[in-house]
2 protein chains.
Amino acid sequence: MQFNTLILATLTASVLIQSVFADEPIQPITPAKSINAAQAELGKKLYFDPRLSKSGFISCNSCHNLSMGGTDNLTTSIGHNWQQGPINSPTVLNASMNIAQFWDGRAADLKAQAGGPIANPKEMAFTHELAVEVLASIPQYVAEFKQVFGTEKVTIDEVTQAIAEFEKTLVTPNSRFDQWLLGKKDALSADEQAGYKLFKESGCVACHNGAAVGGSSFQKMGLVEPYKTDNPAEGRKAVTGKDADRFFFKVPTLRNVELTYPYFHDGAAKTLTEAVDTMGRLQLGKKFTAEENAKVVAFLKTLTGEQPSFLIPILPPSGDKTLHPQPFNEK
Amino acid sequence: MQFNTLILATLTASVLIQSVFADEPIQPITPAKSINAAQAELGKKLYFDPRLSKSGFISCNSCHNLSMGGTDNLTTSIGHNWQQGPINSPTVLNASMNIAQFWDGRAADLKAQAGGPIANPKEMAFTHELAVEVLASIPQYVAEFKQVFGTEKVTIDEVTQAIAEFEKTLVTPNSRFDQWLLGKKDALSADEQAGYKLFKESGCVACHNGAAVGGSSFQKMGLVEPYKTDNPAEGRKAVTGKDADRFFFKVPTLRNVELTYPYFHDGAAKTLTEAVDTMGRLQLGKKFTAEENAKVVAFLKTLTGEQPSFLIPILPPSGDKTLHPQPFNEK
Ligand code: HEC
Ligand code: HEC
Ligand code: HEC
Ligand code: HEC
Ligand SMILES: [Ca+2]
Ligand SMILES: [Ca+2]
């Protein structure tokens, strides 16, 4: 009885709430559900652990810094041995909502993605075998993997599973825009509301829509007018091999876009003002006035949600037999 | 009246407690007192902010990682442009208790120290002027500096003051050893207690004593038998100019020594077993048996205290005019 009442109440509430934004192209973010908390807790440690890199210096958090919107705020990343990365580091915030991972979508999901950087010679420059060997030599990790997965042996599959589960927690609900969507009409200023109107009426929402305000399709960068860049990335073509897919990139989420500068896959746009101007011209053939641009930017800044909030993880110490990091041996 | 009672109670408690360890060469750590909380909160952000470096990639936390005992666990650090550092990175945990800062004590206190790494070309490779310019271009920082210091202009003096205030919070009370000192007699195993006895009776406490179990004097590395190393650091001589001070280093705190591997100023000892063996032979002319060594190591591991526990700081976003990081322009 009580159970049924609860379900009914929930249904009613969600129908009521949904009706508020039923006609909107953007939906509020809902906090992460059905997380395996033990896996996520282990994944958090791994996400912050530089021992997953050859140098012992670079962790996921180096390039997707959760103090800085889940990015490094660099044009392109710094990887092992200070190598210059090929492309701008996208945010991990709300990445679980993406249709696929990476700018070209070459990884199906977060778990498939997480193995990549560990073994990428330009990023963490390690191997899966050595990363697992390091973890298996750290007594507290072995105990935690056993507790979480019920297995004696640490595997790369468990490592990527735990990291992906942690990443699923990295959603950012309750932005001012979401509060407004949910009915709090004074959550946005008049200018911010005007910016949203422009964003809808100009056609931005054709590509940037849904709860993540993006992330749901691959689209051509430079649809109306070509995009000029020195960056050699070809986008989706690298995955499909089709010429028609050249310069198609995953539409980035605009959630927290205030924090994820610089913009575009090459990190060429330093400010939101510049990115909005470029988008208007190149994707829609529309030149915003300075005033319009400022309103759109004001709207975009209302998409900053609650940032991940958790205690800094304390990492288990290495054992006497743990492989030592090798930061300098190839210089 | 209430006030007087409180003082009386506190006095009585502290007299009672002190009597338990009055004869011991090591005292329990007391949690940080008289912290300016607003300064420390600002300092925490600065401590984690890579925008204090030229590359936008390196923060204090890169080399003194609070997830890893306040160190980088590397032999010598990785600095700007992947430069190899000259010396092992000491822990910032309990550094406020040090007689002076750096292995050679060349900085008087935490505030005097904090300006160093920002402008050190091998560490953060920035200048104080540019660091302040960056902070002054970030609206939320300007507001927070104003609130904390009551001034309109951000200064390097305020920056180092705030960082130092944060560092003062980084004490690690309540280790199992401290619990034991305070009377909880089952907090240590028989082996751990035997290790402490060896530590006292062998003479380690001549140099490693007080609440920090070190940090209170400069002593010669290789007192009885010379220390062999390729590392060119000369220790205290670099500060005093006196030949007699060659190879005198600040005695490191042994608090959390389980976490601060590798050991010694050159990071040459990979394990505690090795460090204890070296110390016994070189400082005291004493060769521990494997069993004795294991007991001393077991004791040292009881010095791991409560690690700093706080929410990951969320950094304020750069403004449109904030200087962009320059990670690659000199390669
Ligand atoms: C050296 C920098 C660096 C490190 C370290 C790094 N990443 Fe990335 N990450 C990037 C870059 C650059 C991309 C974009 C690559 C591309 O799209 O081709 C990326 C892409 C991603 C994506 C896809 C996001 C999206 O929207 O497409 C996720 C998720 C991610 N990384 C998570 C991680 C995890 C987890 C780790 C650690 C195991 C990690 N990253 C380590 C730089 C880094
Ligand atoms: C036809 C599809 C399409 C339309 C329409 C579109 N965008 Fe985009 N948007 C994209 C794609 C694709 C990218 C990524 C391009 C790249 O990185 O090279 C992008 C990137 C962005 C970025 C940078 C995000 C980041 O994190 O790098 C912003 C901001 C943005 N769009 C805003 C807008 C605005 C405002 C409009 C309307 C004026 C708009 N977009 C219209 C597809 C579109
Ligand atoms: C690139 C690595 C690196 C960075 C970045 C770095 N440090 Fe250090 N730190 C070191 C090394 C190495 C030493 C030892 C230097 C010496 O003794 O000559 C040191 C020494 C210290 C000490 C003295 C501890 C002791 O017991 O003597 C403190 C405190 C400290 N750093 C705090 C900071 C703060 C605060 C920042 C940021 C503003 C910072 N460090 C940035 C590597 C770094
Ligand atoms: C005469 C002074 C002196 C005595 C006695 C002494 N030490 Fe030390 N200890 C030092 C100094 C100085 C260092 C730093 C040496 C260096 O880094 O080159 C040090 C470093 C250490 C370290 C490494 C700490 C780190 O973080 O790098 C350990 C562990 C240690 N001592 C344990 C012991 C033990 C156990 C004994 C007794 C067997 C002992 N010490 C006796 C002065 C002393
Ligand atoms: Ca970006
Ligand atoms: Ca050390």
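Including glycine, each Cβ sits where the backbone N, Cα and C put it.
Marked as signal peptide by TrEMBL: A:1-22.
Residues or ranges marked as domain 'Cytochrome c' in TrEMBL: A:38-146 (among others).
For A:Cys60, A:Cys63, A:His64, A:His80, the entry in TrEMBL reads heme c 1 binding site. Counting only same-chain residues at least 6 apart in sequence, those with a Cβ under 8 Å from the Cβ of A:Cys60 (heme c 1 binding site) are A:Leu46, A:Tyr47, A:Phe48, A:Leu52, A:Val92, A:Pro117, A:Ile163.
Per TrEMBL, the feature domain 'Cytochrome c' maps to A:190-304 (among others).
According to TrEMBL, the feature heme c 2 binding site maps to A:Cys204, A:Cys207, A:His208, A:Met279. A C-beta separation below 8 Å, combined with a sequence spacing of at least six in one chain, links A:Cys207 (heme c 2 binding site) to A:Gly214, A:Ser217, A:Gln219, A:Val251, A:Gln283.
Comparing CA positions across the binding-site residues A:Cys204, A:His208, A:Met279, the one lying closest to A:His64 (heme c 1 binding site) turns out to be A:His208.
The Cβ of A:His208 (heme c 2 binding site) lies under 8 Å from the Cβ of A:Phe199, A:Gly214, A:Val251, A:Leu254, each on the same chain and at least six residues away in sequence.
According to DSSP, A:Cys204 (heme c 2 binding site) sits within a helical segment. For the heme c 2 site, the Cβ centre of A:Cys204, A:Cys207, A:His208, A:Met279 serves as reference, and the other residues of the chain with Cβ at most 8 Å from it are A:Phe199, A:Gly203, A:Val205, A:Ala206, A:Gly214, A:Val251, A:Leu254, A:Gln283. The 6 Å Cβ screen around ligand 2 retains A:Cys204, A:Cys207, A:Met279 from the binding-site residues A:Cys63, A:His64, A:His80, A:Cys204, A:Cys207, A:Met279, ordered by sequence position. What surrounds the heme c 1 site, by Cβ distance within 8 Å of the Cβ centroid and not counting A:Cys60, A:Cys63, A:His64, A:His80, is the set A:Ile58, A:Ser59, A:Asn61, A:Ser62, A:Asp72, A:Ser77, A:Gly79, A:Ser89, A:Pro117, A:Glu123, A:Met124 from the same chain. For A:Cys204 (heme c 2 binding site), the same-chain residues that are 6 or more apart in sequence and have a Cβ closer than 8 Å to its Cβ are A:Met279, A:Gln283, A:Leu284, A:Val296. Around the Cβ of A:His64 (heme c 1 binding site), the number of neighbouring Cβ atoms within 10 Å comes to 23.
Only A:Cys60, A:Cys63, in sequence order, out of the binding-site residues A:Cys60, A:Cys63, A:His208 have a CB under 6 Å from ligand 1.
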